[in-house]
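Q: Below is one structure. I have some questions about it.
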């Protein structure tokens, strides 16, 4: 694969920042905003695709094609490496997992995480989760690794076992997943900082901490996560939640006041939007490329 492969870029980012802050980008515009803010890697949440693109809950309803559409839109305009939530692999067989891996590589993703929940999955921070056997998840990991067409594409294992089977069993599963070929680990819904260190010591691969709001995991700081040997800090829906609250407020104000004057100062200006999407460069190219056709 080329030196500019997304997977290689993601691995390089891990060496430059500790922990690597990875922010969720719900769409291509947000990916560009994250890039302008100086982030080195971005994320596409499965729950974000469901809620943001489809208006549906994160209950395994989204399809692979739904996710691929959003991946392509982001990677078409943003050069930051994109980590993608692949849920359980979008199907019950190893061939489904393999197709997911190959398709995401073609779409420009840097890596994915695949989890050990059952097909009727739930949000990782909701109660009543159910997980497959350790052996079935190992098969998912093996299928994902075997399907890689880019050796630098990242296969990350997510385990939801802590809430279902307890810490010791979750660590045992994590070790099996790494032995099967997972290169990084995402232990979901961690409740204590020290647990991250226990996972890190047990598996000796980079650990991702999901610092999502309003869930089971406290909002640990990057300093705290670094002390626990966490390599990646993920903020999957932070900007999306803020965007939704801002939109809701503007809609209500417009409805109640009949004008947007009282909220205009909270808005991104036209010029700021144009700068974030490189509008002026496109316009200049348009003028240069098609100037002759405009002369009558």
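Going from the start of the chain as shown, residues are counted 1 onward.
Quick reminder: no glycine exception, Cβ is built from N, Cα and C everywhere.
Fair warning: this is a prediction, and the values are worked out from it, not measured in the lab.
Dumping what Swiss-Prot says about this protein:
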{"type": "BINDING", "residues": "45, 46, 47, 123, 124, 158, 188, 210, 211, 212, 241, 270", "note": "substrate binding site"}
{"type": "BINDING", "residues": "85, 87", "note": "Mg(2+) binding site"}
Q: Excluding near sequence neighbours, so keeping only residues 6 or more apart in the same chain, what lies with its CB under 8 A of residue 87 (Mg(2+) binding site)?
A: 46, 60, 62, 114, 115, 117, 121
Q: For residue 241 (substrate binding site), name the DSSP secondary structure in the helix/strand/coil scheme.
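A: Helix, per DSSP.
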Q: Among the binding-site residues listed here (45, 47, 188, 211, 241), which has the Cα closest to the Cα of residue 85 (Mg(2+) binding site)?
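A: That would be 45, nearest by Cα distance.
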Q: Taking 10 A as the limit, how many CB atoms besides its own sit near the CB of residue 188 (substrate binding site)?
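A: The Cβ of residue 188 (substrate binding site) has 26 Cβ neighbours within 10 Å.
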Q: Where's the emptiest Cβ shell within 10 Å among the binding-site residues 45, 47, 85, 241?
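A: Minimum Cβ neighbour count within 10 Å, taken over the binding-site residues 45, 47, 85, 241, occurs at 241.
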